[in-house]
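Worksheet: the structure to be examined is printed underneath.
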Amino acid sequence: MTAHLITGARPYGEDTADILIIDGAIAAIGPDAAAQAPAGATRHDATGLVALPGLVDIHTHLREPGGEDAETVFTGTRAAAVGGYTAVFAMANTNPVQDNAGVVEQVLRLGREAGWVDVHPVGAVSAGLEGEHLSEMGAMAASEAQVRVFSDDGKCVADPVLMRRALEYVKAFDGVIAQHSQDPRLTEGSQMHEGALSAELGLRGWPAVAEESIIARDALLAEHVGSRLHVCHLSTAGSVDIIRWAKARGINVTAEVTPHHLLLTDEKARTYSPLYKVNPPLRTAEDVEALREALADGTIDVVGTDHAPHPVEDKDCEWAAGAFGMTGLETALPIIIATMVEPGRMTWRDVARVLSTAPALIGRAENQGQGLAAGAPANLCLVDPSVRRVVDPAAQWTRSANSPYAGMELPGQVIATFLHGRPTVLDGRPVEAA
Ligand SMILES: NC(=O)N[C@@H](CC(=O)O)C(=O)O
Ligand SMILES: [Zn+2]
Ligand SMILES: [Zn+2]
């Protein structure tokens, strides 16, 4: 038997309680938990720390196989654990693509060997992400990886017939299509948000309508076939309006926002540094405000990091030549604290909902996102909300350095993470397996 007793923590930021973990499950939580602890229990003093259920990222790029210069399953999931995560959904745009049972089982196995978080491989919608024919969805769903989330992320499933077929197909196994909503014709050569600033900077624009038109189309397709749609990385006020309309109409749609779209604006493009180049692009202050409001009122269901590591040479160049994407696993919770908790727009319970419960439910990760209660799997993290730290990409655990927050002071530090009862992070540092 393995037992851990966490003392003096504040579950969901509320009243102080002790948490007793025995063999991978929460055995007791509350004022009486300590009294039930077996003699050999390892003790952790969590006075002043907020306890949250283990975070679940519905949108991570781990890059392996094929992109190991940027990240591996090991380094990416270690960064996730340091960020407070106990599960990640690993996007399919690897090389080879995660479009068949063999590749998703390989990623699953690498995740288990690494042991930092539960890895749920996402399956591609189309073979080779080419947007022409459906991937081996059924085989991936039936494989050991039990794939439930399918996405061509990085690319949009632009063909409405293919999108319709995909939505129909996943109904058989309760799957969901996670769409990267970007009309390819409206965004050919696009570099940044289309607006006054793109004209001033001479960078080709990525118009809001290229995102909004696809979201509207897909919501109607999901309604038509009675299937489940998840919209990745919402970035505009107009997208929020469409999601609000679709939900009011009873369409089975969920929406995601990234930490960077909640914090940064297109003004960062003035630097011409590709560190701020991302897909979809950083938008205006009005869009940021609409996204924060929608996350607070539940129109947006989840925060997904869209952690997108890139090797140095793909970012150390001029804007137009730079890759789209930014790292995010180790800064997601601090940004949610800064943008939503500290201004009083969300409680810690809301944080647990958007970063743990809701993403686990969307991805059908059955032993995650169950919250802090006796009997639940012991997936949790302990956060010190009083710490403020300056982001140093060189000190992060991801293999890549393309963080847009370098030098920025952010609140909150994850002190410890427990995965199925085993500490993966203690004193803010990953616990290497013996
Ligand atoms: N977000 C990005 O800018 N890049 C992602 C792809 C994606 O999420 O669309 C990547 O894989 O690098
Ligand atoms: Zn995307
Ligand atoms: Zn992505």
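Cβ from N, Cα, C; glycine included.
Per TrEMBL, domain 'Dihydroorotase catalytic' is recorded for 50-236.
Note: ASP306 (Zn(2+) 1 binding site) has non-local neighbours HIS59, THR60, HIS61, CYS232, HIS233, THR258, HIS260, VAL278, GLY325, MET326, GLY328, i.e. same-chain residues 6+ apart with C-beta under 8 A of its own C-beta. For HIS59, HIS61, ASP153, ASP306, the entry in TrEMBL reads Zn(2+) 1 binding site.
Summarising the annotation, TrEMBL assigns substrate binding site to HIS61, LEU62, ARG63, ASN93, ASN279, HIS310, PHE324, GLY325. DSSP assigns ARG63 (substrate binding site) to coil in the three-state reduction, placing it in neither a helix nor a strand.
The Cβ neighbour count for HIS180 (Zn(2+) 2 binding site), using a 10 Å radius and every protein chain shown, is 24. The Zn(2+) 2 binding site feature in TrEMBL is assigned to ASP153, HIS180, HIS233.
Positions annotated as active site by TrEMBL: ASP306.
Closeness to ligand 1 is met by none of the binding-site residues HIS59, LEU62, ARG63, no Cβ falling under 6 Å from the molecule. Reported as a whole number, the C-alpha separation between HIS310 (substrate binding site) and ASP153 (Zn(2+) 1 binding site) equals 16 Å. Taking the Cβ of ASP153 (Zn(2+) 1 binding site) as centre and 10 Å as the limit, one finds 25 other Cβ atoms among all the protein chains shown. Using the Cβ center of HIS59, HIS61, ASP153, ASP306 for Zn(2+) 1, the list of other same-chain residues with Cβ within 8 Å runs, in sequence order, THR60, MET91, SER151, GLY154, CYS232, HIS233, GLY304, THR305, HIS307, ALA308. The sparsest Cβ neighbourhood within 10 Å, among the listed binding-site residues (HIS59, HIS310), is found at HIS310.
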